[in-house]
């Protein structure tokens, strides 16, 4: 019993455990004093029964308990403090430790083993660990001591020493096998001892310091994770900044190399210094052209034909927000959809050296080739006739005008190229050809009425945009079926702005050079050169008549008075409107498969558009709304009977223009056109027999009509 006082001294030993945490192994040495305390712990053994349920393998613990003392250190997490006490017994490697091992062999001996619990310090572990499992934790107090070793042991935790703990020396290392110590708690059932020594509760505080060491390990792991996340975020940010910087520098470099669009002509915006840049650029192109032919020499061409100095029929379609061409030297940012320049090398490579196999069509303007850019995008490359003043004017008009506009029903220019005398325009390729091809091409299936109406509405909207939404307004001057491209969904795209004119808001433009296509020209423009947006309206009316009747604008088989579609249709339009008998004018190929209300709207629009006096014609936005059914066809008449130019109640003709004068001018046009017999005698193609042409004196005496030759199956030229 005298030993009892020593237990009292045991509290002092707890301090020793404190230093032990740093040196994990030293801990076993300090425990020697505690052995005396072992007996006191014996009384509490019975209560520990609660702990045993936690661990099913009691038998193994019995053997292990003696040795676990050291092992408990790993268990700190487990809270089976009972074993820890035993560790102290092993620590006194003196003879006592051997004695303790024997008792562990029998589970019943736990009471004997309880002496090991004397380590009141064991309670210390409870504090380090979670209070919720107090029962087990008390037994684990010793583990707290061991926690300090864990840092070193972590490397070996996998070692199965738990069973070997029988040797006291091993205990320090045994910490890794905390799993084994857990069973000991049952055997010792020493869990009660911790409660028995409440005073030890204070000592646990010291062990608590050791457990603290384990949390740092976890926190360090958390910190390492956080650091990794932070590094990843920081790295991503730095990468984004670097990419942005590279993009900015590249863009800046491109701008330096930019070429301004060609010099303006007839009010087309853009500066004139482009010519110097163009010549310098062409020099570079000559040196870099991979194909055998350099830009200075024209690419291979088909045989020549008579030139008309007119706009061709071709232009490609450009869908909404379409993909831009791949970056190229001199890439420039322009207005609208227009994006920039191409070099001759790119276009030569895209068209396979401007090979004849890639030729889509040819006309007075030059040639059109199909090409494919490096990004796989199909394009149509229009090569304007070299050395032609008309070709240069068309080039300036297209670059200056098309680059300013963007509408889903207007063809947009993708880019252009200037190389020496070469002038090339690049459009997105449209594989479904033109309205003329589908309406008049030989062997073509009959176009359904729904498709015809859809094309009429789309092209009307495109023209309305040019007339109403562009400032200043743009007059196309060459509206015809072959200049309306369609995609596979039969959406219309108005093309070919080579003859387009920027109109003045105040004065009617009077041209000394009448240009357009025979059969589509407005009478006032053909006879006097007076050009307004209503000239486009007349031409569009002719296109509507083609959609309704399926006829061409000029009947080549009738060289007499009524060979014009307009002259034939005008008298019938009034009859159709009064009687509602559309069979007189409707295309027989439709077999009456059409909506009568929609047909009535289109007939009314066509009649209003082809009125002989320009002021009596409707605006294109009105035409588009009537075709869509948004307003009544009667809104187009304004007191005018369809097919006539006179106002109701008026005894005379229109005061704006003399219809007889217009008719006389048109008769002159017919005479000149029909005198050019080769226009009709030579087979140009199975469609598009009516080319654009021009008159140089404002009348028709000097005009020439020539054919735009097109390859079969293609709607370009």
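Cβ from N, Cα, C; glycine included.
Range annotated as transmembrane segment by Swiss-Prot, chosen from 187-207, 208-228, 229-249: 229-249. Between the listed ranges 598-631, 632-665, Swiss-Prot ties the annotation region 'Disordered' to 632-665. Residue 360 (ATP binding site) and residue 478 (active site, proton acceptor) have their C-alpha atoms 20 Å apart, to the nearest angstrom. Across the structure, residue 478 (active site, proton acceptor) and residue 362 (ATP binding site) are spaced 17 Å apart at their Cα atoms.
Taking the binding-site residues 360, 368 in turn and counting surrounding C-beta atoms within 10 angstroms, the largest count is reached at 368. Residue 366 (ATP binding site) falls within a strand when secondary structure is assigned with DSSP. Averaged over the domain 'Protein kinase' (354-631), the predicted model has a pLDDT of 88. All protein chains included, residue 362 (ATP binding site) registers 25 other Cβ atoms within 10 Å of its own Cβ. Around residue 478 (active site, proton acceptor), taking its Cβ as the centre, 27 other Cβ atoms fall within 10 Å, counting all chains. Around the Cβ of residue 366 (ATP binding site), a 10 Å sphere holds 24 further Cβ atoms from the protein chains shown.
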